Amino acid sequence: MAAQGFLLIATFLLVLMVLARPLGSGLARLINDIPLPGTTGVERVLFSALGVSDREMNWKQYLSAILGLNMLGLAVLFFMLLGQHYLPLNPQQLPGLSWDLALNTAVSFVTNTNWQSYSGETTLSYFSQMAGLTVQNFLSAASGIAVIFAFIRAFTRQSMSTLGNAWVDLLRITLWVLVPVALLIALFFIQQGALQNFLPYQAVNTVEGAKQLLPMGPVASQEAIKMLGTNGGGFFNANSSHPFENPTTLTNFVQMLAIFLIPTALCFAFGEVAGDRRQGRMLLWAMSVIFVICVGVVMWAEVQGNPHLLALGADSSINMEGKESRFGVLVSSLFAVVTTAASCGAVIAMHDSFTALGGMVPMWLMQIGEVVFGGVGSGLYGMMLFVLLAVFIAGLMIGRTPEYLGKKIDVREMKLTALAILVTPTLVLMGAALAMMTDAGRSAMLNPGPHGFSEVLYAVSSAANNNGSAFAGLSANSPFWNCLLAFCMFVGRFGVIIPVMAIAGSLVSKKSQPASSGTLPTHGPLFVGLLIGTVLLVGALTFIPALALGPVAEYLS
């Protein structure tokens with residue numbers, strides 16, 4: 001089984017790199033403000049019709065545009081969910097959501113989290129799914145990519161005050177990247193058997209003679225951008241383990257590729273725009289090393305399973321609880337690491353049913369900020385924050401002013417970097433503490449002891465880091481949990497974007513210094529090791545005490 005696991009990981013990464021390389025070249029053109037071939041005329045007409053000016057923006061203007069678009073989307077989606085019973089395409093006559101669930105859901109999809117305190121097939125109409133959630137899947141993904149575009153430009157421009165035009169970037173990202181690729185993926189899903197219709201739910205007789213109501217809906221179109229944009233919110237409650245969303249092993253493989261496609265392509269694009277492709281490869285090496293180790297640990301833990309099962313008469317100790325038999329242990333383990341390394345959160349297995357160590361790895365991947373490939377845009381700017389921190393630490397060790405890509409990293413940048421890195425750990429630890437201190441928080445726990453605490457810690461980690469997956473043994477649809485998680489999602493998203501944009505505004509105004517004999521090379525294996533060590537050190541120092549009370553205690557008990 002070890003050979004099968006190695007072959008699965010190697011095949012996945014090989015296909016991923018082959019697909020991401022050409023996409024990275026296209027993204028590099030957009031970062032350099034070069035229209036893609038054949039799009040200039042269309043862009044001119046659209047910009048004119050929409051009244052979009054291509055005048056460049058400073059970091060505050062760029063940030064204001066991103067925040068303004070997202071706040072408008074939040075308000076529209078909130079009221080849409082409240083009043084969905086007045087809107088069309090609701091064949092099941094589903095009522096509007098409560099204010100707290102509508103707020104939680106609106107914040108969730110605007111922040112690219114897609115945490116779901118509801119069951120899609122029994123709560124949301126087709127209109128809410130399409131015009132509400134799917135639209136935000138596109139816009140939240142485009143927002144994250146636009147932020148990393150601006151951040152990359154900060155390193156490649158010199159003595160300037162502008163970072164590009166947010167509206168131009170958002171339109172180009174949506175029209176020329178997200179929509180075409182999502183369309184291709186959706187058509188493939190439909191061909192493989194995913195649903196795409198507007199029919200009422202269908203009553204059928206099962207082979208046992210019982211009656212069953214089968215949910216319908218425009219699934220494939222939402223499923224495609226759900227994976228491509230690292231959104232993760234399922235059309236159905238079972239998410240990607242549902243055969244109507246993920247009908248075959250081939251669609252499952254494509255879903256995993258779609259999750260990592262844009263984050264990987266952005267690393268290639270960064271290397272091209274920086275004029276040194278080794279810089280992009282360095283980031284990919286660091287991400288890939290952590291990723292492969294984490295996949296190996298989860299596969300090992302799930303294959304070892306629970307030895308007590310053998311004593312109880314089971315044929316095998318392999319942990320198949322909560323997993324689709326059509327996917328198996330190895331694929332389920334790979335998917336779990338992919339979806340939590342990125343900020344996706346889609347699942348084909350119930351993470352709550354993983355072994356203690358198997359469930360701890362996905363939780364830890366979220367807690368370190370989802371910088372191992374990560375979300376579209378957010379993963380790369382999160383990892384680049386750790387790059388700045390690693391450069392700063394190296395500068396302290398050799399007694400030189402830290403610099404990266406020729407830009408000196410001063411006190412202002414390091415303060416903002418520290419702020420951005422500490423936002424999500426603060427939310428996670430304080431949120432989990434608040435939940436455990438209050439009756440409203442503890443009453444949602446369905447399991448006692450360390451596993452119950454793990455469910456709470458996982459939920460807050462998922463929300464604060466904009467992942468959206470869950471240990472399902474937590475009854476989170478209550479005013480307390482909906483409001484707590486909405487706050488964590490909102491601050492976890494925009495509380496990081498704001499200092500990232502401020503860092504970009506500071507760096508873009510600096511001159512690029514030529515490399516000297518004392519310059520730390522940031523493209524070799526030594527720096528890859530330093531970067532991995534920085535990520536692991538921050539994660540260990542921050543979360544080991546909390547993890548010791550949850551999954552570690554469960555493993556040892």
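Placed from the backbone N, Cα and C atoms, the Cβ positions cover glycine too.
Swiss-Prot annotations:
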type	residues	note
TRANSMEM	5-25	transmembrane segment
TRANSMEM	63-83	transmembrane segment
TRANSMEM	132-152	transmembrane segment
TRANSMEM	170-190	transmembrane segment
TRANSMEM	253-273	transmembrane segment
TRANSMEM	283-303	transmembrane segment
TRANSMEM	329-349	transmembrane segment
TRANSMEM	356-376	transmembrane segment
TRANSMEM	379-399	transmembrane segment
TRANSMEM	416-436	transmembrane segment
TRANSMEM	484-504	transmembrane segment
TRANSMEM	526-546	transmembrane segment
Any residues 6+ beyond the ends of the transmembrane segment (484-504) with a Cβ under 8 Å from its own?
59-60, 62-63, 66-67, 70, 103-104, 107-108, 111-113, 115, 117, 147, 150-151, 153-154, 163, 378, 381-382, 385, 388, 413, 416-417, 419-420, 423-424, 427-428, 431, 434-435, 441, 459-460, 463-466, 476
So are the transmembrane segment (253-273) and the transmembrane segment (132-152) touching or not, going by 3+ C-beta pairs under 8 A with a sequence gap of 6 or more?
yes
Would you kindly list the residues that approach the transmembrane segment (170-190) from elsewhere in its chain, counting only those six or more residues past its ends and only Cβ-Cβ distances under 8 Å?
23, 26-27, 30, 35-36, 39, 42-43, 46-47, 50, 52, 65, 69, 138-139, 141-143, 145-146, 149, 196, 220-221, 223-225, 227-229, 247, 251, 254, 258, 261-262
Who are the chain neighbours of the transmembrane segment (526-546) in space, where the CB to CB distance is under 8 Å and they lie at least 6 residues beyond its ends?
282, 285-286, 289-290, 364, 367-368, 371, 383, 386-387, 389-390, 393-394, 421, 425, 428-429, 432, 457, 520
